[in-house]
Amino acid sequence: MTKAPVAPVVLVILDGWGYCEEKRGNAIVAAKTPIVDSLWAAYPHTLIRTSGKAVGLPEGQMGNSEVGHLNIGAGRVVPQELVRISDAVEDGSIALNPALVKICQEVRSRNSKLHLVGLCSEGGVHSHITHLFGLLDLAKNQQIPEVCIHAITDGRDTAPTDGVRAITMLQNYIDRTGIGRIVTLSGRYYAMDRDHRWDRVKRAYDVMTQDGVGDNRTAVEILQASYAEGVKDEFVNPIRIAPGAIEPGDGVIFFNFRPDRSRQLTQALVSPTFNGFERQQITPLSFVTFTQYDSDLPVAVAFEPQNLSNILGEVIANHGLNQFRTAETEKYAHVTYFFNGGLEEPFAGEDRELVSSPMVATYDHAPAMSAVAVTDVAIAAIQKGTYSLVVINYANPDMVGHTGQIDATITAIETVDRCLGRLLESVIKAGGTTIITADHGNAEYMLDDGGNPWTAHTTNPVPFILVEGEKVKIPGYGTNVELRSDGKLSDIAPTILEILQLPQPPEMTGRSLLKTADYELQRTRTPVQVGL
């Protein structure tokens, strides 16, 4: 006997689609979004929090894609690495960290160099400059003879020219403590690529590993000259400032805590099977990463991963149900690795499909990105009728929003809106439920108070829309479904479990966003017409 098709819950994550009533610099308000507008008018909706303590970050700290997907998938507020490491720096326990102490001992015994590599930024998304200061203090206490800093500039999670401020802070700390020197400078566009654009990574790798005469200017002077040429922090050309190449026998600490944009450079430096570009492996090389970038890398890890049990994907799998994940390259790790609590391997019954992102320098040149192809893949999965949960990420609002180009971001938003229309038609035909939300804000705030481009994330809430192909009915409440107004990202997984009529495990401490506890799916419903 043929099984009846499964009516899925489809979770659509509009990456970087925040909510803000201010119209100035708001690409979402400026865009024509008839699909989202009609859904917001016709279906239960609310706003949820995606920043600060609501997602395990310090109060006032903007959220990001890693944190967002981690909280969504875990169904609980997950203490973030930023907080863990900052606490270790503040209370001094970083000085006792076994992996960090060991690498210092190895460097000292060989009388070699210690290299500190990472994003010099106050953004708090991939790193924090205070963590670098903590490492300098550690190196001084460990009496390391030579400390070389390979500084990566931000301009994406911070203002485009905040690099001067960050590098000035760093140089002042070096001068005050008397340890360390900045030996290379590189924009994150090169050193932190995550899309296998190995030509970019190679440029950063080469300046870090090939010694030679340095530039006779200071790091700040180099940045100021770069700005004068229209090249801001993110895109600063890799440059050697002073002697101090990474050589055999040295030690390296990569102090970024977010894995996705740290993985490729680390692979180039340590992997014996690396083939992204031609290079001579540096060996022996002691190497510590702040967090686990990839379980297959031959490195020590300073802050081991937290083990999260009974997360959404695991619960779905444990009940014998199938699930599907898709996104384009830029956000694929988020709907897989991060959504699964930092696990690389899929759960039983979990299928995935990666859609390649377009090969362009920046996504304002291709604001549609691969949204149409992602939609095609998702529709095909829904039409199979075997998946109880389908998770989709649309990267456009975030990735194009990061360019600071408002017109291109408007195009990106409108592209996603059209794709949503097609997607929803397939969910309705399947008798499923669609949840439309976001992981953090971005595209709704693209100009700062001074009218300058804002390319970072925001602390704004994001929309949450519950869309049934047929109107939701709750016993005793008819079609009057209400959603809580105090929700956060960790409440999404419990909501999905309630819709699927699956028990919520005790480890999952989020609360369903449905105000009523006796929500049930009914076979007989009154169709609602939305302008699709």
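Just so it is clear, glycine is given a Cβ too, placed from its N, Cα and C backbone atoms.
As the structure is a computational prediction, the values presented were derived from the model and not from experiment.
According to Swiss-Prot, the features are:
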- D15, S65, D439, H440: Mn(2+) 2 binding site (BINDING)
- S65: active site, phosphoserine intermediate (ACT_SITE)
- H126, R156, D157, R188, R194, R258, P259, D260, R261, K331: substrate binding site (BINDING)
- D398, H402, H457: Mn(2+) 1 binding site (BINDING)
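For the binding-site residues D15, H126, R194, H457, the largest tally of other C-beta atoms within 10 A is found at H457.
Sequence-distant contacts of D439 (Mn(2+) 2 binding site), defined as residues of its own chain at least six apart whose C-beta falls under 8 angstroms from its C-beta, comprise I13, D15, G16, T50, G63, N64, S65, V67, G68, H69, I72, H334, V462, L489. Compute the center of the Cβ atoms of D398, H402, H457, which mark the site for Mn(2+) 1; besides them, the chain residues with Cβ within 8 Å of that center are D15, G16, N64, S65, R156, P397, M399, G401, H440, N442, A443, T455, A456. Largest Cα to Cα distance within the recorded substrate binders H126, R156, D157, R188, R194, R258, P259, D260, R261, K331: about 17 Å as a whole number. Sequence-distant contacts of P259 (substrate binding site), defined as residues of its own chain at least six apart whose C-beta falls under 8 angstroms from its C-beta, comprise T291, Q292, Y293, D294, Y337.
Of the candidate binding-site residues, D398, H402, H440, H457, the one lying closest to H126 (substrate binding site) when CA atoms are compared is H457. Around H440 (Mn(2+) 2 binding site), the C-beta neighbours below 8 angstroms that are at least 6 residues distant in the chain are D15, G16, G18, T50, S51, M62, G63, N64, S65, V67, G68, D398, H457, T458, V462. Each of the binding-site residues D157, D398 was scored by the number of other CB atoms within 10 A of its CB, and the lowest score belongs to D157. D157 (substrate binding site) sits 8 Å from H402 (Mn(2+) 1 binding site), taking the Cα positions as reference.
Secondary structure at R194 (substrate binding site), taken from DSSP and collapsed to helix, strand or coil, is coil. Looking at H402 (Mn(2+) 1 binding site) and R194 (substrate binding site), their Cα atoms lie 15 Å from each other.
Taking the Cβ of R261 (substrate binding site) as centre and 10 Å as the limit, one finds 23 other Cβ atoms among all the protein chains shown. Around the Cβ of S65 (Mn(2+) 2 binding site), the number of neighbouring Cβ atoms within 10 Å comes to 28.
Within 8 Å of the centroid defined by the CB atoms of D15, S65, D439, H440, the record's Mn(2+) 2 site, lie the Cβ atoms of I13, G16, T50, G63, N64, G68, H69, K331, H334, D398, A438, N442, H457, excluding the listed residues themselves. Under the three-state DSSP scheme, S65 (Mn(2+) 2 binding site) falls in the helix class.
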